[in-house]
Amino acid sequence: MACTRKILEVIKRKLIPNYGKQRFHTISKTFAEVNQEEASSKETHFGFETVKETEKAEKVYSVFETVASKYDAMNDAMSFGIHRIWKDIFIQRLSPTANTHLLDVAGGTGDIAFRFLKYLNVAGNLSGSVTVCDINNVMLDVGRSRAEKLGINGKQISWLQGDAENLPVDDASFSAYTIAFGIRNVTHIDKVLEEAYRVLRPGGRFMCLEFSQLNNRMLQWMYDQYSFQVIPVMGQLIAGQWKPYQYLVESIRQFPNQEDFKYMVEDAGFRHVSYENLSFGVVAIHSGFKL
């Protein structure tokens with residue numbers, strides 16, 4: 001796309017003086033049609049399935065729309081409740097201070113946001129706010145309902161429907177950005193990281209909690225057996241859905257390993273990038289700063 005823009009700029013300088021604007025606009029339209037055709041033909045993965053890039057977002061949306069009402073119950077069942085510990089550690093590593101303004105992306109049901117606000121309260125009733133952004137409005141509805149039941153102060157939390165690859169947020173708006181168990185579901189991980197960098201203020205912190213790869217072959221084998229043989233069955237029994245949880249375990253295997261993802265975070269511009277394995281690498285926390 002950037003290359004096409006440069007070509008058009010050259011054509012504009014050379015062509016308009018000799019042939020006029022109408023000829024230039026005709027060529028511009030042709031390039032635009034070629035770009036659109038190329039974009040629609042590009043492929044990516046949806047679990048182990050190969051799909052067109054233009055189809056993936058819709059398929060992921062459908063998955064989470066289907067499981068939204070049972071999402072938290074399934075998280076408890078699949079991880080034996082350990083996901084709660086992972087998320088607690090995640091917020092502890094973030095260690096938010098007073099006046100932290102957090103953007104929690106793909107956080108529809110509010111798990112990270114609620115922990116963030118609880119941390120501020122326990123730390124001394126510190127001021128701060130969180131915006132929960134999710135592409136799926138059904139997941140946001142679950143989060144809003146949970147917040148109401150928990151009596152969460154509406155002044156400290158807001159809800160925003162938006163695409164992680166194209167956030168409806170101004171540049172340098174937040175002091176912290178979190179995304180937990182969401183980035184592996186996007187079509188372009190690099191675009192999500194670029195957007196995270198864009199919306200953070202200088203000195204802001206990026207943190208990601210995501211499933212990863214175990215550093216022991218035997219443990220990885222055992223984890224694979226559990227993932228492929230048990231989790232989809234749990235999905236059918238608890239949520240009445242098999243395919244969304246088959247996709248879940250497949251999407252984990254398609255996500256970059258700890259080192260590769262670290263390099264991607266660095267390529268987006270973040271500095272002092274590091275990661276920490278939890279539960280032998282079942283999940284990993286990646287952290288970086290916009291400096």
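Every residue, even glycine, has its Cβ placed from backbone N, Cα and C.
Nobody curates TrEMBL annotations by hand; they come from automatic prediction.
Residues annotated as S-adenosyl-L-methionine binding site in TrEMBL: T109, D134, D163, A164.
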Number of other Cβ atoms within 10 Å of the Cβ of T109 (S-adenosyl-L-methionine binding site) across all protein chains:
24
When you tally the Cβ atoms that lie within 10 Å of each candidate's Cβ, which of the binding-site residues (D134, D163) has the highest tally?
D134
Restricting to the chain of A164 (S-adenosyl-L-methionine binding site) and a gap of 6 or more, list residues whose Cβ falls under 8 Å of its Cβ, or answer none.
V105, A106, C133, I135, I179, G182, I183, V186, V192, E195
